[in-house]
Amino acid sequence: MSKITTELLLERAVPRSTRLRKIETLNLSKLQLKTGDLDPRLFSRLRHLQKLDLSDNLLDKFPNSLTLPDLRVLNCNNNKLEDVTALKQFPLLEELTYENNVYLTLNDDYKVMFLLQNLRLLNGKDITKLANHVRRVNSRKLTSKARCVTAHWEKFFRDQLPEKYTAEQVKSIKKKFLKSVQTNVVYGPSSLSEFTRWRVKMIAEELLACSLGLELNTDPEPEEKMDDNEEESTESPREAAEDMAQVGHFSSYINNIVTVTPSKRKRSHSKPGSGNKRSKSQANSKEEAEDVSAEPLHFLQCHSKGNSREDFKTQLWSCVFEPLLDCGARKDPIVSSSRTVATCGGESVCLIDCETGMVLKKYKVATEEFFSVAWTTLTMVVSDSRKKSHNILAAAGRRGIVKLIHVAADFCYGEIKAHKKPIATVCFSPTRETHLFTASYDKRIALWDIGIPDCDYNFKASQLLVLEALSIPLRIALVPTCPDQYLLAGCEGGCFAWNIKLDKEQKSRPFEAVFQFPDEDGGMTTSHRVDGLAFLNDDVIVSKSSKPGCIYLWSWSRSFDTKGKGCQRTISAVILAELEWSMTDLSYLTLSTCPAKEYVFCGDEKGSVWMYSLSNYSTVWSSAKGKRSERRIPPMQILKWPELRENGEQLSEVLINNVVSDPTFTYLVVLTSVNITAIWKKS
């Protein structure tokens, strides 16, 4: 490939041009270009260039003197960029994309937001709000650190400089000072340590320029890496670099919402296209003869890999409604519970307004596959020492890392390397807001204290407890009457209970009890996969196991004697009733409950949602002499999956991985195996 010539620039102009100075749009993608191919003398003639596409090349950095004074849009996707500071030479830049540059991280996002005052879109997302935060609030806090930088110079370095100094002496002291000040003037969360060191270095260089008359260093130098003293990792250096490059943050996100037309469902394995957005249901399905208690509201395709509209393979796994804050800021006057739900699947976590179908925020880590999300509300100290409650979202998955996201601030402020194998599920304690349980494929359930971040997002997480399991834990539930003492887990090899009381010295604990259930032959067994587990009320547990066509309801208090002694006891679950369900032998189609309304929900392998109303049974079950229901309880209603059509093609073979209602059963969120989030609303 020859280097860039005048003829090539004229040919690649859009539209083709006869003079360089007339070119406004230029496409130089897919030319195998390296940094040395960008000749500043040639580019300086592109005085009116506004849009430049350099995607799919081999650039590792930008030359410092390209001289494109009118550049507004720049695409650098799929290169090998290692630094972004040279982009400050384009002060009018409004739109910038550099996705799939594995060595760029969240820190580089913050650098370009600070350097480019006119930047509105970064990697296709509106960053106006976050950029203003970086430029004003963050920079104001860092500027306040200038006093610390000055004090550091005065205390440790000024006296090292003689009255008459040589250039070599200045260079040596400058190097030592810059290294020392970046190490000792600490600010902000660890995930932004590179950005803050970079800003501290800028402040220090400004100080030296004022004190010693030194010119500011305009050429970026390689920054020295800090020792993080992190735990041992099995990742290769390249994997680690790719992971760093994919540290994400929240941003507004309203694209890739699938347009669908529901009708009756047929089974085939076709792959449809999708449209842009669907607000209210445009269903033309044939109505069932039974009364409809819920109607489809939205069908959203918002977890696509790489935002592809052709992605109907990403599995969606977990969703949970955001808790209401005391201030009532999120409360709708008509809806008495939160209508914002967090969903996860594939590389992303989304926040969705169930009423409007709007995807409010999207958080993405391209090297991750998220399996579980959970909310907690922390009382944090804000900058003026006032206390304020904020909702924090924890998200975890295949990499064994828990991401902690301050949603209101659109900011992932930290992560916990919880396990070396994937995390199947997470949940917070209802009584201790900083206590987080993580259940992993390493056959352990860990209890963490995630701490409370300060106004600079510094936090300290610590492991409090490890529960040893015999097989992979799939679902966990804290016992409502004693959430600080007992935890239940549905595992690949059965259902187990642990004592989690923290006044015990033992930090690593075996299970205290394993529950046995009826098997298909009429006997009792402890060895079966339990892939659904939830409490219907303070005592009644709903669990789904490998026995086809059956969901069990059983009593915690009658099954488990909290005064019993000894570990690893085998206990027969006291069955209260069985729910009639699909005869499929497919696993991991989990269930959920709505305790306030005494509902149970479970999806099946045909895209249907089975709904059970159990309020008429709970009074009998609560009686000390309550007997087991002799016959299986049928669903109150089965919501049939509508046939989704786009361009004449059908979306079929839909598995319902999860179904969750808000606390008052106003909305029902359905997660599927085909990258569709369906939202139903109770009539």
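Yeah, the Cβs are placed from backbone N, Cα and C, and that goes for glycine too.
For reference, TrEMBL has these:
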{"type": "DOMAIN", "residues": "7-203", "note": "domain 'Leucine-rich repeat and WD repeat-containing protein 1 LRR'"}
{"type": "REGION", "residues": "217-242", "note": "region 'Disordered'"}
{"type": "COMPBIAS", "residues": "218-234", "note": "compositional bias 'Acidic residues'"}
{"type": "REGION", "residues": "261-292", "note": "region 'Disordered'"}
{"type": "DOMAIN", "residues": "293-682", "note": "domain 'Leucine-rich repeat and WD repeat-containing protein 1 WD'"}
{"type": "REPEAT", "residues": "416-450", "note": "repeat 'WD'"}
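With a cut-off of 8 Å between Cβ atoms, the residues of this chain six or more beyond the repeat 'WD' (416-450) that come close are 230-231, 233-234, 318, 371-379, 394, 396-402, 404, 459, 461-478, 480, 483-484, 487, 489, 498, 500.
Helix, strand and coil residue tallies for the repeat 'WD' (416-450), in that order: 0 helix, 20 strand, 15 coil [DSSP].
In the predicted model, the domain 'Leucine-rich repeat and WD repeat-containing protein 1 WD' (293-682) shows an average pLDDT of 88.
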